[in-house]
Ligand SMILES: Nc1ncnc2c1ncn2[C@@H]1O[C@H](COP(=O)(O)OP(=O)(O)OP(=O)(O)O)[C@@H](O)[C@H]1O
Ligand SMILES: O=c1[nH]c(=O)c2[nH+]cn([C@@H]3O[C@H](COP(=O)(O)O)[C@@H](O)[C@H]3O)c2[nH]1
Ligand SMILES: NC(=O)CC[C@H](N)C(=O)O
Ligand SMILES: [Mg+2]
C-alpha cells in the first residue's frame with residue numbers, strides 16, 4: 001500500500017532529522033532529501049507537502065543553497081522554516097536582509113489565529129528562534145501571520161498558493177505548540193490522512209532489507225542493547241537464518257553482562273556467536289588516556305573482529321549494526337561538528353572489509369526505536385533497557401584503563417543499578433551509571449588514612465538522548481548507594497553526583 005509522503009528539503013540546518021521525526025510523529029511518512037534534488041524527481045515522488053529546513057547560510061550571500069523557483073508552481077504546499085522561509089520570501093520577490101535585532105532562543109511571539117497554521121492554538125506563546133537575518137519585505141500575495149518584538153515576519157502565508165513560512169523552529173521542544181503547528185500544516189493545509197505508523201515502518205524496512213540482501217549473508221553486531229536487538233528482530237524477520245549475530249565480549253561490559261547477553265540470545269532460533277576478545281581490546285587500550293583515541297581504537301577493533309568472524313563463516317557480504325540517529329549526528333556528519341566519535345560511526349576505520357553496511361535504524365531516534373521494538377514483539381524488559389555505549393566501561397574509566405579500575409567500577413556500578421531498581425526508579429531515570437574518575441583524594445576509614453579514587457554517579461532523564469537533564473534522585477537513595485559502595489567496594493573513599501545537564505555536558509564523561 002502506498003503512503004502519503006512529505007519531503008523535507010535539507011539546507012544544512014541543525015534539526016533536519018528532527019523535522020522528519022516530528023512529521024512522522026504526526027503519522028505522516030516523511031523523508032529528508034538534499035536541497036539540490038532535481039525538480040522532476042520531487043514531482044515524481046508526488047509528495048502531499050514539502051518542507052524547507054533551516055540552514056547556516058544567508059540567502060543573499062553568494063553561493064547560498066537554493067531551489068528551482070518552479071517548485072512553488074507545482075501546486076504542492078510548501079512550508080519554509082527559518083532559512084527555508086527566508087529563501088521562499090526571496091525567490092518569490094520579497095527581500096531578506098541582516099537584522100538589526102538578532103533573535104536566539106526563547107522568544108515571545110504573537111500569532112494570527114485566522115491562519116490555518118495556528119488553528120485551535122493560543123494567540124501568543126514562546127517560539128525558539130535562531131537567526132541573524134529577517135524578511136523585511138514580503139513577496140506579493142503574502143501576509144505576515146506572526147510577529148515578535150524584533151521580527152515583523154515571524155510567520156507568513158499565501159493561502160491561495162498554499163505557501164507558508166515560519167522564521168522560528170516549530171520542530172524543537174522549546175517552541176510551545178510547535179508540533180501542533182506542524183500538524184496543522186500537514187492536516188489543515190496538505191490534507192494529510194495520517195496513514196503512517198511504526199507497523200508500516202517495520203514492514204517497509206523488512207522489504208527493503210530483503211531486496212538488498214537477496215540470498216547473501218548478514219553478520220549483525222549484537223550487543224544485547226535496545227538498538228541492536230531491534231535490528232536483529234527486523235533483519236531476522238527479513239532474511240531468517242541468513243543472519244548471524246556476533247556479540248563481542250570486549251572485557252568492558254558491566255558485571256555479569258556477557259553471560260546475561262549469551263543467556264538471552266544464545267540457544268534460541270538466532271545464529272548467535274559470542275566472541276571473547278578481552279585480551280585484544282585491553283591490550284590495544286593499554287596506556288591510552290585520550291577519549292577520542294580510545295573510541296577510535298575500539299571502533300577499529302570491533303570491525304577487525306567482525307571481519308575475522310565473517311571469514312570463518314564464509315561469503316558474508318553485509319555487516320549490520322544498530323546505529324541510530326544520535327550516533328550519527330554526534331559523530332559529525334555533513335556540516336555538524338564532531339562531539340564524540342561513536343564507535344559504530346565516527347570510530348569506524350577507513351577500510352571495512354564488507355560489501356555493504358546495513359543500518360536499518362540509522363534515521364530513528366531512541367524512543368522511535370523502542371516503539372519499533374514493541375511493534376516487532378520484543379519483550380518489555382529488552383525494549384526499556386537503559387542504553388549502554390558500545391565502548392562500554394572504557395569511556396567510564398577516565399584516563400588509563402586498568403583491570404583494577406575496571407573491577408572497582410563494575411562492582412560500584414552494580415550496586416548503584418541495584419539500588420535504583422530497588423527504589424523502583426529504573427524506568428523514570430533513563431540512564432544511570434558510575435564513572436571512576438582519575439582523581440584520588442584523602443579520606444579516613446577505620447581511623448586510618450586512605451588515599452583512594454573518587455567515584456562519580458550519573459543519572460539523567462531524557463527522551464531522545466540528544467539533550468538530557470540530571471535526574472533528581474532522592475537523597476535517601478543516593479545515601480544508601482554511597483554507604484553501600486564505600487563499604488562493599490575497595491579503593492573508593494569519595495562519591496560525587498553529577499548535576500550537569502546535556503548540553504553543556506554530555507551523558508557519558510568521555
Ligand atoms: N559488544 C558488542 N558486540 C557487538 N556489537 C556491538 C557491541 N556493542 C555495540 N555493538 C554494535 O554497535 C551498535 C551501537 O551500540 P549502542 O550501544 O549504541 O547500541 P545498542 O547496544 O544496540 O543499544 P543501546 O543503545 O540500548 O545500548 C550496536 O547497535 C551494535 O550493532
Ligand atoms: O553505541 C554507542 N557508542 C558510542 O561510542 C557512544 N558514546 C555514547 N553513547 C551513548 O549515546 C548516548 C548519548 O551519549 P553522550 O551524551 O555521551 O554523547 C548515551 O546513551 C551514551 O551512553 C554511545 N553509544
Ligand atoms: N537557523 C537558520 O536557518 C538561520 C538562517 C540564517 N542563516 C539566519 O541567520 O537568519
Ligand atoms: Mg549498547
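Each residue, glycine too, has its Cβ placed from N, Cα and C.
What TrEMBL says about this one:
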ACT_SITE  82  active site, nucleophile
ACT_SITE  169  active site
ACT_SITE  171  active site
DOMAIN    196-385  domain 'GMPS ATP-PPase'
BINDING   223, 224, 225, 226, 227, 228, 229  ATP binding site
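Each of the recorded positions 171, 227 was scored by the other Cβ atoms within 10 Å of its Cβ; the lowest score goes to 227.
Residues from the recorded positions list (82, 169, 224, 225, 226, 228) with a C-beta closer than 6 Å to any atom of ligand 3: 82. Note: the Cα of residue 169 (active site) and the Cα of residue 223 (ATP binding site) are spaced 36 Å from each other. Annotated ATP site 223, 224, 225, 226, 227, 228, 229; additional same-chain residues within 8 Å of its Cβ mean position, judged by their own Cβ, are 222, 230, 231, 232, 322, 385. Each of the recorded positions 82, 226 was scored by how many other Cβ atoms lie within 10 Å of its Cβ, and the smallest score goes to 226. Around residue 224 (ATP binding site), a 10 Å sphere centred on its CB holds 21 further CB atoms from the protein chains shown. Among the recorded positions 169, 171, 223, 224, 227, the ones whose Cβ sits under 6 Å from an atom of ligand 1 are, in sequence order, 223, 227. Proximity of the binding-site residues (223, 225, 229) to ligand 4: a Cβ under 6 Å from the molecule is found for 223, 225. Taking a C-beta cut-off of under 8 Å and a sequence gap of six or more, residue 228 (ATP binding site) has these contacts in its own chain: 220, 221, 222, 321, 322.
Considering only the binding-site residues 223, 224, 225, 226, the residue whose Cα is spatially closest to the Cα of residue 82 (active site, nucleophile) is 226.
Here the Cα atom of residue 227 (ATP binding site) is found 24 Å from that of residue 171 (active site).
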